[in-house]
Amino acid sequence: MSSSVETGQTVAVITQTTFQRVVRTMMVIKCWVRAMREQRKQQEKNVDLDNVRRVFEPATHVAKVKESKPLHKRILGWSMDETSTVFYLWTSVVFIGCWYNLITIVVMVFEEVQRSFYQSWITFNIVFDCVFLCDLVLLTRRQFVEDGVRVKGVKEMFMHRIKSKYFYLDILCIIPTDLLLYLKPDFSLSRLNRLLKCYRVSEFNALTEIRTLFPNLFRITKLIFTCFIIFHWNGCLYFFISVLYNFPSATIENWIFSYDKIPDPIFISCGVDDDFNVTESECSTDIIPPLRIFEEYDNMTQEVDLAMMYWANRSQAISFTKFVKQYALSFYWSALTLVTLGEQPSPNNTFQNAFEICDTLLGLVLFAVIVGDVGNMVTTMNMKRSNFEEVLDGCKSYMIYRKVHRYLQRKTVEYFSYTWSHGGGQMDEEEIAEFLPPRLYGQLAVHIHMETLRRVKLFEECEPNLLYELILKLELRVYSPMDYVCKKGDVGTEMYIVKEGSVEVVSEDGTKVFVQLGEGTVFGELSILNIPGNKNGNRRTANVRSVGYSDLYVLSKDDLWAALREYPDAKYSLMEKGKSILAKDNLLEEVTDEQELEQDAPVEEQLEAAAKIIREIEAQLDMAEKNFKESSARTKRNLFKLEREVDEEMKWMLNEPELSSKRRASSYR
């Protein structure tokens, strides 16, 4: 018995030890997998950056090693880029300070707030004044762009800031006008100069609108907060006027604030039936009978008094502080007045009437601005959708007019739905390419496509500049489910890169699937090179079909050859690499006639070859003409010389008898 117990304990210990080892091993594997994922992400990031550097940095680029500077020089030479995250976060802090002043400067008009939060208000004032002072200093280290070059010099940044008008606003903003609070503690308007800093609010809005992923939501939020600040200031000013007119003595008919206008809400504290009569089991009904309907009232005031007596011990009021009532009613009055709804008591004197008129005029302008802004935002938000739906409706009408089959109509509508749901109807790549500078768009394209293109065996040894030229010529094309990308026997004129979705290689009848190609796969690259001796004759060797909706980037043969004309060495290298790939698959024949390449070459190549031949013929004709002219001139000279010699000989022959007679005559003498 004891031995079995010991055996069981031993087994338990061994099991526990084994389990601990398994858990420890699993934890090690988990940590290793996590580390590998992080390493892979970092490698992908480094590869993308390396691809960008290969294209946009010179081949002879030598990495610059940052010179180590002393700590004090780095601190003194520190500067801040306005597009950096650090500057944005600091601007957010300044933005909070501006909003704090916009709210608290006028809210101190309420006596209860001033009495309860005065010390906290002073503390926060000091904190945000320090923030504004630091902002004054930091903005002198704000980088700026001059003549297209970012200036980082300390002296230049300081002088640029001093020459700015906002520098003087910053100086006026930090003047300690708070010292007036020692003379009059409730004079919160002494901090009005702090509002000069509110120009930083617009800078924060601009930076946020660039960074946010929901610009329309941010614009609506900005409009709401702007309306809140205007209502807040106008409501506080209304209550301040009410204080001047002794609001505690005001009644509900007066224009100024009155507690009668905002009584505490009253709720029933006992059970009632469906007719709002109190049940006898929970509340006593020994005061008066239940209420009657309104039409049976004889004396309104008396009936109301009786009703109040009736509900006195059957209800309870929720009490709010004076500040809540004062601020709520003042804000409500401000909102109604500024949006020109009215429904308020009429002013009691000239000043109140003038204030009401000014508020109404301001409200008209504000209401027009609000309606205009909201209309613009709604139009902007729905513009893409409206344009897309207009195209969709036009397509539907066209298909109905042409009596297109319902299956094809449904397929077309499904494509529109897919395009919109995946952002295709909201994003135009060509529009983005036209807007961005060519170099910046090129960097985006390299970041997206370069690594995929470098994985292709045919292009893995190409120079980055050629790959960059090819990337810029890629065209996005969307295929619907079961659409054939290419069919066996077709002449290959395009190369494909699967960017999203998947395609499959199928049999000729489409019933058998040989292989499925996912994202990042490239196919059809050999058929666009026109390799001489290709047994397939630059024709497709397989049927490729889209599984679902697939986004493919397409490179045409003409675009490839247009790029290769600028890189003749790369052209030769690609040809040799393509031949080696075909030879490995036993798809290459020996070719002795080099004209085959010219025959299968693109039209541009053939035209270029024809132009070359024409230039050679023209050169030969020019040489023949030159030789003919030289020969003709030489012949003319020879003829002229011969004619002269003949003339001289003829003259000599004619003059010979006369000379002989003269000789004889002289001899006789």
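Yeah, the Cβs are placed from backbone N, Cα and C, and that goes for glycine too.
Because TrEMBL annotations are produced automatically, they should be read as predictions rather than curated entries.
If you look up TrEMBL, you'll see 87-110, 122-140, 166-183, 223-247, 361-379 marked as transmembrane segment. The domain 'Cyclic nucleotide-binding' annotation in TrEMBL covers 458-560. Sequence annotations record features per position, and here TrEMBL assigns coiled coil to 607-634.
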Let me spell it out: take the transmembrane segment (87-110), skip the flanking residues so only those 6+ beyond its ends count, and list any with a Cβ under 8 Å from a Cβ in it. 80-81, 118, 121, 124, 128, 131-132, 135, 138, 142, 186, 188-189, 191-192, 194-195, 197-198, 200-201, 203-204, 207-208, 211, 229, 232-233, 236-237, 239-240, 243, 323, 326-327
At a threshold of under 8 Å on Cβ distances, which of 122-140, 166-183, 361-379 pairs most often with the transmembrane segment (223-247)? 361-379
Would you mind listing the long-range same-chain contacts of the transmembrane segment (166-183), meaning Cβ under 8 Å and 6+ residues beyond its ends? 122, 125, 129, 132-133, 135-136, 139, 190-194, 196-197, 199
Whole-number mean pLDDT, the domain 'Cyclic nucleotide-binding' (458-560), equals 85
